[in-house]
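Below is one structure, written out as structure tokens, with a few remarks after it.
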Amino acid sequence: MAGKPKLHYTRGRGKMESIRWLLAAAGVEFEEEFIEKKEDLEKLRNDGSLLFQQVPMVEIDGMKMVQSRAILCYIAGKYNLYGKDLKERAWIDMYVEGTTDLMGMIMALPFQAADVKEKNIALITERATTRYFPVYEKALKDHGQDYLVGNKLSWADIHLLEAILMTEELKSDILSAFPLLQAFKGRMSNVPTIKKFLQPGSQRKPPLDEKSIANVRKIFSF
């Protein structure tokens with residue numbers, strides 16, 4: 001029997017958080033080996049564990065996988081969260097890329113100066129409500145199913161819920177004009193594996209605090 005996947009990253013969300021979400025939603029137990037200091041990262045680089053000298057890195061099925069997109073695609077495919085055919089995969093990819101763009105803007109916020117951060121929060125909420133969420137609201141309406149693609153849970157649904165919860169941390173009523181997304185959030189949050197991941201004490205990570213931000217800067221030298 002193969003061991004549990006092992007995730008190598010800092011204690012923050014970053015690019016590993018979507019991987020944590022996907023594994024948790026698939027009901028897969030995983031271990032984490034945290035990068036606490038610069039020397040931990042250097043050790044991974046020096047022992048040849050990081051193909052491009054970067055994390056996230058996930059040990060799974062005898063591989064040391066890097067590049068978050070590749071890791072996510074592998075997990076989605078392995079655990080039947082990637083559609084039933086090529087066309088469904090294309091839609092899942094498009095929806096995931098949209099939420100990836102939105103979450104990428106949010107992930108950058110803690111490392112920005114206060115004045116820049118304030119402007120970007122306004123930009124993110126505007127983009128979320130005019131560019132991204134209308135697409136997903138329409139997709140749910142047109143598709144007429146509980147899910148974005150097909151008639152079962154997919155990576156696209158999991159990623160969208162993650163994005164919704166991240167944007168709600170910036171503006172709690174951000175879904176006020178999107179009734180189908182509100183209902184979607186309720187449904188997805190009650191999927192047993194996801195519900196478990198959303199409980200206190202899970203491996204889901206909180207937003208970065210000032211101490212964590214300083215440590216991340218030190219580890220990655222920026």
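For all residues, glycine too, the Cβ spot is worked out from N, Cα and C.
The glutathione site in Swiss-Prot is built from TYR9, GLN54, VAL55, GLN67, SER68 plus one of ARG45, ARG89, namely ARG45.
Residue counts for the domain 'GST N-terminal' (3-83) under DSSP, helix first, then strand, then coil, are 32 helix, 16 strand, 33 coil. Sequence-distant contacts of SER68 (glutathione binding site), defined by Cβ-Cβ distance under 8 angstroms and a gap of at least six in the same chain, are LYS15, MET16, SER18, ILE19, PRO56. Maximum intra-site Cα distance, glutathione binding residues TYR9, ARG45, GLN54, VAL55, GLN67, SER68: 17 Å. Residues near VAL55 (glutathione binding site) in space but far in sequence (CB under 8 A, at least 6 apart, same chain), listed by position: HIS8, TYR9, THR10, LYS15, MET16, ILE35, LEU41, LEU44, VAL66.
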